[in-house]
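Read through the structure below, which is laid out as structure tokens, and then see the notes.
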Amino acid sequence: MNPENWTQVTSFVLLGFPSSHLIQFLVFLGLMVTYIVTATGKLLIIVLSWIDQRLHIQMYFFLRNFSFLELLLVTVVVPKMLVVILTGDHTISFVSCIIQSYLYFFLGTTDFFLLAVMSLDRYLAICRPLRYETLMNGHVCSQLVLASWLAGFLWVLCPTVLMASLPFCGPNGIDHFFRDSWPLLRLSCGDTHLLKLVAFMLSTLVLLGSLALTSVSYACILATVLRAPTAAERRKAFSTCASHLTVVVIIYGSSIFLYIRMSEAQSKLLNKGASVLSCIITPLLNPFIFTLRNDKVQQALREALGWPRLTAVMKLRVTSQRK
């Protein structure tokens, strides 16, 4: 098409939602429950690590920031999906599309940086315990978190500017649940080679770079744990990073799967499912992983809910009845 005849598209239509009203209702209900549970889990971790003095240590400082980040990530995606299903209005303006895209990839990129920082924290705690408090003091922790957010903010700025400058002259239907990059790129009537190259290089660098740092950290942790003289010390060392390692495996596994599938241009349905797993299901699972595998968080949660006092009262009543 002659560039002079281009008519810039001002809005897009999300086509990834089912047409059946029953399925839409079930999807809406599932998304709403998932979002409420996810937000509640994230807020619990944030509040508990803030008010409980025993959790005022470096590991839970990073966990609090990680939970806040994932809460923002699901908030960028899920509420818009709920509004689309509830109102039946599948349109999204070009500006809103670019903003949602930037926020989604900014938060997702920051997620990888924070995971790498948390891996470094676990490495220093287990492999350099005598120097840990000096190397990972409160000031350093704050700087690392701030650097992660700033790096994520700048990392996706260039691809977003390139995306916003692309011409879109129709069609305007995005075959996805939310605004994702690859379905939108297919709609552009301009040259997308530079954007694809930049996006590929940056995404590969952040994914493999953070994964390499995380892998090296846990390789050193594993070597240190195996050298521990007793089984009790090995269990204690491993328990301090088991939940984080589980989250690392889930996030990197789903992200690499999604990255490979997107690159190979496989089934659209499979890509949609992988996207939902990466940005909705994974944040839902993470609070349960951190609480179920962490004794301190469990104890703080029980005390916040008043369970120890309730247990003590019940034992007192049983004792008095026996007398």
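Note that the numbers count up from 1, one per residue, in the order the chain is shown.
Note: Cβ is positioned from N, Cα and C throughout, glycine not excepted.
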Q) Do Swiss-Prot's topology records have Leu195 and Lys236 sharing one side of the membrane? A) no
Q.
So, taking each listed stretch (26-46, 100-120, 140-160, 238-258, 272-292) in turn and counting its Cβ pairs to the transmembrane segment (198-217) that are under 8 angstroms, which one gives the highest count?
A. 100-120
Q: Determine the mean pLDDT over the topological domain 'Extracellular' (1-25), rounding to the nearest whole number.
A: 70
**Q.** Highest-contact recorded stretch vs the transmembrane segment (272-292), from 26-46, 55-75, 140-160, CB pairs under 8 Å
**A.** 26-46
Q: Have a look at the disulfide-bonded residues (Cys97, Cys189) and report the one with the fewest Cβ neighbours inside 10 Å.
A: Cys189
(Q) Given a Cβ distance threshold of under 8 angstroms, which distant residues of the chain, six or more beyond its ends, lie next to the topological domain 'Cytoplasmic' (47-54)? (A) 60-61, 63-64, 296-297, 299-301, 303-304
Q: For Cys97 (disulfide bond), just give me the three-state DSSP call.
A: helix
